[in-house]
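Look at Swiss-Prot and you will find 154, 157, 214 tagged as Zn(2+) 1 binding site. Among the features that Swiss-Prot reports, Zn(2+) 2 binding site is placed at 171, 174, 197, 200. Annotated domain 'J' per Swiss-Prot: 5-69, in sequence order. Look at Swiss-Prot and you will find 154-161, 171-178, 197-204, 211-218 tagged as repeat 'CXXCXGXG motif'. Positions annotated as zinc finger by Swiss-Prot: 141-223.
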């Protein structure tokens, strides 16, 4: 099991912080970006860097990878995705998803840890909601109204689960403990174990007359709306925590939290890597040969760029401060303009004659038969 390869790809150790991982990712991503590095194998390296960062930038995926290696990333070791077409899902309880030795021993001996008071206040479950953002919305920030269903305290009983005018009583069978002792035959002999009370189902309370609204649960599903202020510069996969916007707590406990996860749509014009933006600019070979001043689109509007004579395909120019806002820190990243020289396909007679004259003056023989020659110099 190799659980260090992803760290090696980014050039960090296993104890690296998220800021160190992100900084290393930016460096390696720029080093192997296909538009900036034309060496053989650079694109594969770039994909490997993306794969490593996708896992190590997510705390749940990273924890699974640290423990199980590649199997933890691909297998069912928790760290679920988004729920449903609405982009909403719950995180479930706060007890975690893994069983351990305590679970094994408790199946025989009934316990193995401190007893939990069933009447103690407990925080409600956290929820997760995915927000789809347009490319420009992620760049500049936006306000979104998020509507989802969550568990709130029953408006009839106020969370007690009992019919109006009545109150829950201490369970007569378990005495309010939520568990009862049971004698069982096990492979180790006859053992006394503890199990969840079959009367109160672990709550320690009996409700003689249940609320007709929540049927004794104390909660009801309610459509809830919250305003989300999306900060400028967010990226796909980043999360935003909204405290107290999750499910209602139990026994007077606080509400859980809502985690908003951002999904940014791709642009048909730009590529983005953190705060850096890349734009492939098609350019006529005459402009590239003679030099020109051109208008370049950016997310901040068009800007003028001087192209020096003799510019080749793959040349890149930096437009300082024309990238995305830096989510941590101040200012913007840069935009990189990558030149893609276009050879004309359909030329009129005057254009052909002009190029033939240029070829002759350059000492280049052009057969016109489609063989490699003059035009290949501009590809």
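From the backbone N, Cα and C atoms, a Cβ is placed for every residue, glycine too.
Within the same chain, the repeat 'CXXCXGXG motif' (154-161) stays apart from the repeat 'CXXCXGXG motif' (197-204): fewer than three Cβ pairs sit under 8 Å, each pair at least 6 residues apart. For the pair residue 197 (Zn(2+) 2 binding site) and residue 214 (Zn(2+) 1 binding site), the C-alpha distance works out to 21 angstrom. Listed by sequence, the residues of this chain that lie at least six past the ends of the repeat 'CXXCXGXG motif' (211-218) yet keep a Cβ under 8 A from its Cβ atoms are 153-157, 159-164, 250. Secondary structure at residue 200 (Zn(2+) 2 binding site), as computed by DSSP, is coil. In this structure the alpha carbons, written CA, of residue 171 (Zn(2+) 2 binding site) and residue 157 (Zn(2+) 1 binding site) are 19 Å apart. Of all Cβ atoms in the shown protein chains, 23 besides its own fall within 10 Å of the Cβ of residue 174 (Zn(2+) 2 binding site). The most densely surrounded of the binding-site residues 157, 171, 197, 214 is 157 (count of other Cβ atoms within 10 A of its Cβ). Residue 174 (Zn(2+) 2 binding site) and residue 214 (Zn(2+) 1 binding site) have their C-alpha atoms 24 Å apart, to the nearest angstrom. The record gives 154, 157, 214 for Zn(2+) 1. Within 8 Å of the mean position of their Cβ atoms, the other Cβ atoms in that chain belong to 153, 155, 156, 158, 159, 160, 161, 211, 213, 216, 217, 218, 219, 220. Secondary structure of the repeat 'CXXCXGXG motif' (154-161) per DSSP, as helix, strand and coil residue counts: 0 helix, 0 strand, 8 coil. Around the Cβ of residue 154 (Zn(2+) 1 binding site), a 10 Å sphere holds 23 further Cβ atoms from the protein chains shown.
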